[in-house]
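Over in TrEMBL, the protein carries these features:
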type     : residues  : note
TRANSMEM : A:6-24    : transmembrane segment
TRANSMEM : A:36-56   : transmembrane segment
DOMAIN   : A:56-236  : domain 'ABC transmembrane type-1'
TRANSMEM : A:62-81   : transmembrane segment
TRANSMEM : A:93-114  : transmembrane segment
TRANSMEM : A:120-141 : transmembrane segment
TRANSMEM : A:162-183 : transmembrane segment
TRANSMEM : A:189-206 : transmembrane segment
TRANSMEM : A:218-236 : transmembrane segment
Amino acid sequence: MTLFGYRVPMMASLLVWCVIWELVGQSGAMFLIPPLSDVLVAAVALVQTGTWQAAAVTTLNSFLIGMFFAILVGIILGVLMGRFQAVDNLLGIWVNIFVSAPLSALVPVLMILFGMGETTVVVTVFLFAVWIIVLDTRAGIQGVPNSLIEMGRSYGASPLALYGKIILLAALPEILAGIRLGVVRGVKGVVIGQLLVSILGYGELFELYSRNFDMENFWALTIILFAAAMGLSALIENIEKRVDYYAGVR
Amino acid sequence: MRNITAHAASAAAHPAGADVAVEVRGVCKMYSEVEALRSIDLDFPAGKLTTLLGPSGCGKTTLLKIIAGLIPATSGEIRVNGKTVTGPGPERAFVFQDFALMPWATVMRNVAFGLELKGMGKDERQSIAARYINEVGLAGFENKYPHELSGGMRQRVGLARAFAVNADVLLLDEPFSAVDEQNRRKFQEDLLRLVALEKKTFIFVTHSIEEAVYCSDRIVILSRRPGRIAQIIEPEIDRSASPDAIRRDQGYLDTVEEIWQGLKRYVD
């Protein structure tokens, strides 16, 4: 973007909003919004506390386990749906319902099924993330050129080699896009899960700070979470760019 | 030029004496209600380049893929070197119209891929691949990726991959149709050199009459759907002449004209 002939750096818009936040905070108009500088000071102090570190470890743990199963199941289901019409007919409607359904509403039911512990959070992460991975993998598999599959068959590829050396690699750009979107949804899932269970990790801290109107720490927690989610997404986007060179060829 | 008309087709379809690499016996193909091929009987002489030529939708690519074992025939059978085949096999290698290269793999890995699937060790398959990369004129491009190559060069990779597995029969499905005109001419000349060098059986599908006459020992013309053998022609062109001389040869031009007269009625 250029403004008055000058090239504006990419993060400049963020700076504008930071300044506005600081000004609103300093004016003291809303007690819900403390000055950004206070929030940042709180963030630095927060990450050094044992409470935050324990919460972060719990949260990360639930998130990673949930994402692991979401990616595994998502890719397997996506491949099956992309390759076999019968599976696609059988599961397609459910995947499409769940990908757009307000899954937060299901969390209380999950609590009945899986208890008030980490398992519920893991299942929430899984349910938030898995459907978009299924859909993107399916799209990727369906986009694999038929001639590549025929090539594998005519040169004697075993079914395992056909999938491992050709089909999955050819669908990799879409699979990665699905995982990136799944990660973003998984972060939502972990926070919503923990908030509703409300005695675990980040959710517990959110509850604690918002109930006590400890807005500096509340916002510090939020900023750290947003930064982590954006960082993860950017990391996968970076991997996506590396495989982009062959997506363009198809 | 030797023109074998449809009346004598059954005699010509089974050339006496010559070694036969691929036999097609009573092959029919139905796509649900549509009849793509009707009782095709055809022999492909070993060590020769035979072209399947015909109007679009005549089933020439279908026939080639049935020979490759990629799609099943509704009835009839295919014999390669005397043995009936039902699926793909190592004695046949396929060259694809859209190249079918793996975009994430280098030229070297693409060419060696058939050998990789056979479980050959890395050093061995790379040395074989290097030889064929050199033979198709891509030396120096071993570590390039397909998107860094022109269409003509990509198809050279596809050809090298087919040569590398050392199959007896090479099946080429409109290999030059996605290559621009100038590259195509050069490629056709190179192909003829490789046909003479490799002593393999080539089955070639094209819709270009000039290409068919220029490259083939034998041209099988298929009629419009349902595909049947309409005519078999042996151009009998002296290939020791230079490529440019062949393209101005009266026999070459007459053959092109004759095929065009035969095919004209199929064009809308």
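Using the three backbone atoms N, Cα and C, a Cβ is placed for every residue, glycine included.
A TrEMBL annotation is a machine prediction, not a hand-curated record.
Taking residue pairs at least 6 apart in sequence, the transmembrane segment (A:62-81) and the transmembrane segment (A:189-206) share three or more C-beta contacts under 8 angstroms.
Under the criterion of 3 or more C-beta pairs below 8 Å, with sequence separation of 6 or more, the transmembrane segment (A:62-81) and the transmembrane segment (A:6-24) do not qualify as touching, having fewer than 3 such pairs.
Outside the transmembrane segment (A:36-56), and at least 6 residues removed from its termini, the chain residues within Cβ reach (under 8 Å) are 18, 21-22, 25, 201-202, 204-205, 216-217, 219-221, 223-224.
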